[in-house]
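These notes concern the structure reproduced below.
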Amino acid sequence: MPSIFAYQSSEVDWCESNFQYSELVAEFYNTFSNVFFLIFGPLIMFLMHPYAQRRTWAIYGVSVLFMVIGLFSMYFHMTLSLVGQLLDEISILWLLASGYSVWLPRCYFPKFIKGSRYYFSCLVITSTVISTFLTFVKPTVNAYALNSIAVHILYIVHKEYKKTSNGDLRHLIEMSVILWAAALTSWISDRVLCSFWQRIHFFYLHSIWHVLISITFPYGIVTMALVDAKYEMPGQTLKVHYWPRDSWFIGLPYVEIQDNDKSC
């Protein structure tokens, strides 16, 4: 039985040809496309610093987890080892759990939680610990299970989109869904249509998934921050800006918090 640390000990392999450019890197493009996680993570921490001071420092923890995903994904695609695969998937699982704990509106909590974020967070952590152990049972289905969580996220986003008239929030939701759909299409195409892509010598769809999903993350974070503010920060307004410039068609979104003080 091969070691879980051994090269190609994972049953998961992507469409990109292995060891094409280096004897040390199994999937070259799938490995180095993760660099965007390491670039965007610190930028999010810097841009969202005012939000962290006024609302929650958890944004830093979530951003660190985002960068950890990038590192573990690089390790996995470099080695195609089972331990690399599990580290990659478990870090994604904990990132999703953190987002749920911090930003899910109380109106979506199970009724027996009675609106307590503390008890809801305990429930999420317990479920995530159990799920972490389950990732070892059948590693080949982990990625599909993680992607299925998007169904619930889309349900929440759809509900909030119908509720709001906030132009910034609606734009963020639209961009998040478009980017996520494009990313998922790349991911599925790489898995399902690999023989076709190999025939035309185009092996880059999973690396495109990395790039698109790394851009989707900041859009998703700011979307949930705006949704959260509607429920938890009624006396304040979150103004959306984009780095490097607001006028650009696409950029890294962040928020500026404005008080709604009214003078008599």
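Using N, Cα and C of the backbone, Cβ positions are placed for all residues, glycine too.
The Cβ of W14 (Ca(2+) binding site) lies under 8 Å from the Cβ of E27, N30, H77, D190, R191, C194, H206, each on the same chain and at least six residues away in sequence. Feature annotation from TrEMBL assigns Ca(2+) binding site to D13, W14, E16, N18, E27.
Summarising the annotation, TrEMBL assigns transmembrane segment to 28-48 (among others). Through the fold, the transmembrane segment (28-48) approaches residues 14, 16, 20-22, 59-60, 63-64, 66-67, 69-71, 73-74, 77-78, 203-204, 206-208, 210-211, 214-215, 217-218, 221, 225, 243, 252, 254-255 of its own chain, all at least 6 residues removed from its boundaries and within a Cβ separation under 8 Å.
Summarising the annotation, TrEMBL assigns transmembrane segment to 57-78 (among others).
Long-range C-beta contacts of H210 (Zn(2+) binding site), restricted to its own chain and to partners at least six residues apart, with a cutoff below 8 Å, comprise N30, S33, N34, F36, F37, S73. For H77, H206, H210, the entry in TrEMBL reads Zn(2+) binding site.
Remote same-chain partners of the transmembrane segment (90-109), defined as residues 6 or more beyond its termini with a Cβ less than 8 Å from a stretch Cβ, comprise 56, 58-59, 61-62, 65-66, 68-69, 72, 115-117, 120-121, 124-125, 127-128, 131-132, 135, 146, 149, 156, 160, 220-221, 224-225, 227-228, 230-231. Residues or ranges marked as transmembrane segment by TrEMBL: 90-109 (among others).
The transmembrane segment annotation in TrEMBL covers 118-135 (among others).
With a threshold of 8 Å between CB atoms, the same-chain residues lying at least 6 positions outside the transmembrane segment (141-157) that come near it are 12, 85-86, 89, 92-93, 96, 104-105, 108, 135, 173, 176-177, 180, 184, 187, 223. As annotated by TrEMBL, transmembrane segment applies to 141-157 (among others).
Positions annotated as transmembrane segment by TrEMBL: 169-188 (among others). Within its own chain, the transmembrane segment (169-188) has Cβ neighbours under 8 Å at 147, 150, 154, 157, 160-161, 205-206, 208-209, 212-213, 215-216, 219-220, 222-223, 226-227, 240, 250, 253, counting only residues six or more beyond its boundaries.
Sequence annotations record features per position, and here TrEMBL assigns transmembrane segment to 208-227 (among others).
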Other residues, Cβ within 8 Å of D13, W14, E16, N18, E27 Cβ centroid (Ca(2+) site)
C15, S17, A26, N30, H77, L80, F203, H206
Around the Zn(2+) site (H77, H206, H210), what further same-chain residues have their C-beta within 8 angstroms of the site's C-beta centre?
W14, E16, E27, Y29, N30, T31, S33, N34, S73, S207, W209
C-beta crowding around H77 (Zn(2+) binding site), within 10 angstroms:
26
Using a 10 Å cut-off, grab the number of neighbouring Cβ atoms around the Cβ of D13 (Ca(2+) binding site), all chains included.
12
